[in-house]
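Heads up: the structure comes next, in structure tokens.
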Amino acid sequence: MDKKVLLIEDEPNIIEAVSFILSRDGWNVKTHSNGHDALDAVRNRQPDLIILDVMLPGKSGFDILQEIRADSELTQTPVLMLTARGQEKDRDMAEKAGASRYMTKPFSNAEVLEVVRSMVGL
Amino acid sequence: MATLNVLVLVCLLYVAFLFAVAFGADRAARRGRGTWLRSPIIYTLSLSIYCTAWTFYGAVGFAARSGLEYVTIYLGPTLVMVGWWWTLRKMVRVGRSQRITSIADLISSRYGKSNTLAVFVTLLAVIGTTPYIALQLQSVTLSFATFAASDPTAAELPDQQSTALWVAFGLALFTILFGTRNLDANERHHGVVMAIALEAVVKLFALLAVGVFVVWGLAGGVSETLARIDASPIADWNMTGSRWIGLTMLSAAAFMCLPRMFQVMVVENENEDHLRTAAWAFPGYLMLMSLFVIPIAALGLQTLPEGANPDLFVLTLPLQEGRDGLAILSFIGGFSSATSMVIVAAIALSTMVSNHVVMPVWLWVTGGTAVVSGDVRNVALLARRMSIAGIVLLGYLYFRMSGGGTALAAIGLVSFAGLAQFLPALMGGLFWRAANRTGALAGLGVGFLVWLYCLFLPSFGPSAILPQDVFDNGLMGLNWLRPQALFGAQGMDPLVHAVMWSMLLNTAVFVFVSLVTFPQPVERLQGAQFVNVFEHSSGAATGWSGHLARSEDLMIMSQRIIGARQAQALFSGAAQRQGLAGYLPEPTPDFLQELERELSGSVGAATAHAMISQIVGGATVSVEDLMAVADETAQIMEYSSKLEAKTQEQERTARQLRAANEKLTQISVQKDAFLSQISHELRTPMTSIRAFSEILRDTGELRPAEQAKYVTIIHDETIRLTRLLDDLLDLSVLENGQVVLNVQTGRLGDLLDRAVSAAGGDDRAALQILRDRDDEDVMLTTDLDRLVQVFINVISNARKYCDAAQPVLTISLKREEGSLMIDFIDNGSGIPTNQHSVIFEKFSRIGEIKADGAGLGLAICREIMARIGGEITYLPGQSGAAFRVILPEAIASEAHAAPA
């Protein structure tokens with residue numbers, strides 16, 4: 001497997017953990033850690049899957065997702081949203097903005113692997 | 001014979017005593033003590049600067065030359081005090097409600113805050129007063145020379161001019177010391193007033209003592225004295241009605257228009273009711289002053305040798321009789337009269353010159369930029385000091401140039417006549433709403449020219465300045481332009497002639513021009529404020545409208561002019577009255593007007609108006625002003641102004657409601673966000689902990705380095721979690737008031753040391769911290785650990801958020817009303833005005849910077865300060881972000897007063 005995943009997250013420890021888990025599973029992991037130019041990073045990397053945190057410096061994850069969906073080349077790219085706020089309305093907002101899946105922190109490593117695999121049809 | 005040395009010694013002791021009195025009174029006033037300083041008696045005595053050396057010595061000379069005529073000089077003020085009491089009251093009320101600093105300020109204020117008018121009045125006042133100051137210097141040197149001449153031990157006569165120079169120097173020094181101590185908005189000088197009140201007592205006592213000596217010591221009783229008067233040439237004198245009336249009117253007008261009289265009567269007035277006392281007490285004082293004038297004159301003429309100067313009878317009579325003590329007392333009396341006049345005149349004129357000439361020129365030269373960047377306060381003080389020195393110097397130069405000759409003797413009345421030219425503009429301004437600026441300027445100009453041509457220039461004598469030909473045939477051969485027979489009015493006394501024509505033409509031109517020209521809106525408004533001062537005193541006159549963002553600019557400017565402490569007190573006071581927290585009030589017309597008056601106390605009305613309009617913009621002409629111009633009737637103008645005020649009031653209420661609503665919404669959103677925030681702050685470290693512990697558990701072949709790294713992450717994240725929980729619990733305990741204070745005593749400097757090192761354990765760009773360690777020698781008794789917690793928070797905030805290239809944090813101390821204020825001011829871009837209201841709320845992080853705190857720091861600080869009885873506030877209008885920690889008196893004591 002040589003699937004490319006782009007992780008957009010600002011907590012260095014979480015970046016490290018998720019990168020570790022996914023690399024060991026055979027993913028090609030790229031990371032990006034701010035909201036301002038997240039869309040450019042997505043366009044440049046052309047990932048098969050995006051993992052997007054909600055609370056990012058510069059721009060909220062919901063706004064970034066809307067921009068991704070507005071780009072004709074990226075409408076179909078699966079996006080997994082991560083949030084630490086775990087409220088119902090966040091889930092609604094994620095769905096409205098066009099998230100493919102939604103997970104609340106903290107998560108189990110196995111669950112993350114399972115979800116990302118299913119999202120790219122593995 | 002009195003030795004000159006004794007006289008000099010007594011004189012120096014007296015001067016030292018005056019300095020001590022002025023110093024003591026200033027001190028007492030500043031400490032809020034000494035209500036006797038503000039008694040009506042002191043006020044009345046200070047009015048007696050009307051009696052200068054010219055009246056002290058000159059009245060006797062006057063009586064010796066022209067009999068009872070000298071009484072007119074006292075009669076005028078008496079009539080004003082008794083009959084025009086309500087006019088004076090109006091003047092005082094206007095002066096107080098408009099924060100008037102001088103007569104030039106009053107006239108300029110009334111006529112649309114016109115600086116042209118102020119400059120004109122100032123020039124006139126300087127021209128009219130300089131000879132008068134010279135006259136005082138002359139009287140002191142002359143009386144001194146009299147003493148020297150009668151002292152055989154004095155080898156030679158001291159040089160008159162050097163005496164005058166020393167006197168002038170001493171007077172300038174005294175005036176600068178006590179007249180420009182501060183730039184107080186209310187412009188009162190307790191020390192000076194106290195000193196001149198004392199001098200008033202001394203000069204009255206001296207004159208009475210000489211009088212008693214003459215009547216009972218020389219003449220041998222009252223009936224004998226009367227007989228001596230009958231026998232003297234004074235009894236033969238017959239009065240001319242026109243001169244009598246003319247002089248009385250002139251002295252009455254001068255009493256109201258002299259800059260120094262305006263200073264003591266209006267500017268230094270503490271309480272309008274003092275006028276009630278002064279209305280009978282001041283005429284009483286004048287009566288006592290004039291009581292013995294005739295006896296002294298009569299006996300002087302009879303007993304002293306032919307050709308003795310009658311102006312010095314008060315001094316030469318006791319000297320000739322060998323009463324040295326009495327002569328010295330008399331000298332001190334004359335000295336008092338002269339010095340008090342010069343001191344007050346110099347203060348009054350210097351205020352005018354610096355406010356209306358120097359400051360506007362300086363503002364113009366610096367292009368107004370200095371209003372917010374320079375130190376206006378120091379410039380104003382310096383201008384005032386230089387002006388005082390300049391004015392006294394001018395008097396001295398005039399004395400030297402005129403040679404101290406007889407030309408000076410007539411100068412008193414000439415000065416009076418010049419300054420009386422203010423009267424039409426002054427009275428018109430107080431009582432006639434249609435009076436306007438153009439009229440005032442024209443009237444003053446014409447009156448001044450006539451005075452100059454008919455009285456001032458001829459006073460130097462024929463052919464001195466005006467050639468004899470002009471006296472005989474008029475200017476350019478025009479017969480009706482003869483300076484002492486204008487329009488063919490021949491055979492009149494030159495003084496009465498000049499006063500009549502100048503006042504007549506002044507008033508006529510003033511009325512006529514006012515009627516045919518149109519006042520500007522500001523003039524109309526000020527006119528209503530002045531003429532109807534008793535209805536308006538507390539009323540809202542409009543003229544300004546501004547917006548909140550400008551409040552901060554106004555504050556920056558005000559700090560430069562009246563000083564940071566006073567400006568902050570003024571602004572926070574106004575904010576409190578409007579029901580707002582913090583330092584920035586709504587710039588309501590009321591507030592702007594209050595501010596303008598406060599500033600005008602320091603820099604004059606016209607300048608203050610110009611400064612505020614630079615910031616608030618050209619808001620001087622409001623809708624209501626335009627209405628006023630469109631409509632001629634005063635009623636409609638006032639009615640519309642009330643409507644306007646009401647509409648503005650409603651708008652303001654609506655704005656405040658919107659602001660309150662906005663804050664409630666913000667708080668509600670924050671409360672809502674609170675749970676979501678806690679959730680986020682807790683879940684983020686938990687995510688790392690869970691992920692890495694699962695990695696450690698499920699991954700078999702981890703390298704030892706990796707293992708160690710992941711365990712460290714788990715460890716750090718648990719600490720982060722603990723810290724967060726600690727903060728939350730801390731806040732909760734503080735908010736519920738369950739906190740137990742651990743009260744200790746420690747030195748502020750040590751606490752700040754602790755805080756700086758605790759906040760500095762970081763590898764961020766170095767923050768330079770500026771402190772004044774001497775200032776920090778203050779002992780504090782409170783929960784020191786909690787206080788240090790606050791300091792750490794504020795310092796580490798500066799470390800995190802100060803965005804300057806070279807971040808600097810200045811920690812400075814101030815004391816105010818017993819409270820200790822510790823200001824932390826950095827040089828970054830500060831916190832935007834719209835965020836000021838929320839920075840102390842929980843989880844409020846300004847901007848998008850991801851900092852490692854949870855946004856609880858300042859909320860905790862606020863709670864801690866509330867618990868220990870202090871306060872922490874954000875201070876707007878500084879160079880960067882500025883936090884002020886306020887500790888009440890009970891906590892902070894000076895180091896030496898602290899328990900060991």
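Quick reminder: no glycine exception, Cβ is built from N, Cα and C everywhere.
Since this is a predicted model, take the numbers as computed values, not measurements.
TrEMBL lists B:6-29 (among others) with the feature transmembrane segment.
Note on the transmembrane segment (B:41-64): residues 70, 73, 77, 132, 135-136, 139-140, 143, 193-194, 196-198, 200-201, 203-204, 207, 234, 255, 258, 260-261, 264-265, 268-271, 274, 277-278, 281-282, 285-286, 289-290, 293-294, 296-297, 300-301, 309-315, 333-334, 337-338, 340-341, 344, 409, 412 of its chain, located 6 or more positions outside it, place their CB under 8 angstroms from a CB of the stretch. TrEMBL lists B:41-64 (among others) with the feature transmembrane segment.
According to TrEMBL, the transmembrane segment annotation covers B:70-88 (among others).
Under the heading transmembrane segment, TrEMBL lists B:163-180 (among others).
Same-chain neighbours of the transmembrane segment (B:192-219): 18, 21-22, 24-25, 37, 41-42, 45-46, 48-49, 51, 56, 175, 178-179, 225, 228, 264, 268, 285, 288-289, 291-292, 295-296, 299, 303, 314, 317-318, 321, 323, 326, 329-330, 332-334, 336-337, 339-340, 343-344, 347, counting only residues six or more beyond its ends whose CB sits under 8 Å from a CB of the stretch. The transmembrane segment annotation in TrEMBL covers B:192-219 (among others).
Remote same-chain residues near the transmembrane segment (B:239-258) are listed as 50, 67-69, 72-77, 79-80, 84, 87-88, 91, 103, 129, 413, 415-417, 419-423, 426, 492-493, 495-496, 499-500, 503 (criterion: CB distance under 8 Å, separation of at least six residues from the stretch ends). Look at TrEMBL and you will find B:239-258 (among others) tagged as transmembrane segment.
Long-range Cβ contacts of the transmembrane segment (B:279-305) within its own chain (Cβ-Cβ under 8 Å, at least 6 residues beyond either end) map to 40-41, 44-45, 47-48, 50-51, 55, 59-61, 63-64, 68, 70-71, 74, 77-78, 81-82, 85, 200, 204, 207-208, 210-212, 214-215, 218-219, 225, 228-229, 231-234, 313-314, 316-317, 320. Residues or ranges marked as transmembrane segment in TrEMBL: B:279-305 (among others).
What TrEMBL lists as transmembrane segment is B:325-349 (among others).
Long-range contacts of the transmembrane segment (B:382-399) within the same chain, counting only residues at least 6 positions beyond its ends with a Cβ under 8 Å from a Cβ of the stretch, are 126, 129-134, 136-138, 164-165, 168, 171-172, 175-176, 179-180, 183, 342, 345-347, 349-351, 353-354, 358-359, 362, 408. The transmembrane segment annotation in TrEMBL covers B:382-399 (among others).
Marked as transmembrane segment by TrEMBL: B:405-432 (among others).
Among the features that TrEMBL reports, transmembrane segment is placed at B:439-460 (among others). Remote same-chain partners of the transmembrane segment (B:439-460), defined as residues 6 or more beyond its termini with a Cβ less than 8 Å from a stretch Cβ, comprise 107, 111, 116-117, 120-121, 124, 407, 410-411, 414, 417-418, 421-422, 424-425, 428-429, 466, 471, 475, 483-484, 486, 494-495, 497-499, 501-503, 505-507, 509-515, 517.
According to TrEMBL, the transmembrane segment annotation covers B:498-518 (among others). Long-range contacts of the transmembrane segment (B:498-518) within the same chain: residues 246, 249-250, 253, 417, 420-421, 423-425, 428, 432, 434-436, 438-440, 442-444, 446-448, 450-451, 454-455, 484, 486-487, 489, 492, each at least 6 residues beyond the stretch ends and with a Cβ under 8 Å from a Cβ of the stretch.
Positions annotated as coiled coil by TrEMBL: B:629-667.
Residues or ranges marked as domain 'Histidine kinase' in TrEMBL: B:677-891.
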Q.
So if I exclude everything within five residues of the ends of the transmembrane segment (B:70-88), which remaining residues of that chain have a CB under 8 angstroms from its CBs? That is, six or more out.
A. 50, 55, 59, 62-63, 244, 247-256, 265, 275-276, 278-280, 282-283, 286-287, 289-290, 293, 427, 430
Q) Mean pLDDT for the coiled coil (B:629-667), as a whole number? A) 68
Q. Who are the long-range neighbours of the transmembrane segment (B:6-29) in its own chain, taking Cβ under 8 Å and residues 6 or more past its ends?
A. 37, 144, 147, 170, 174, 177-178, 181, 188-195, 198-199, 324, 328, 331-332, 335, 339
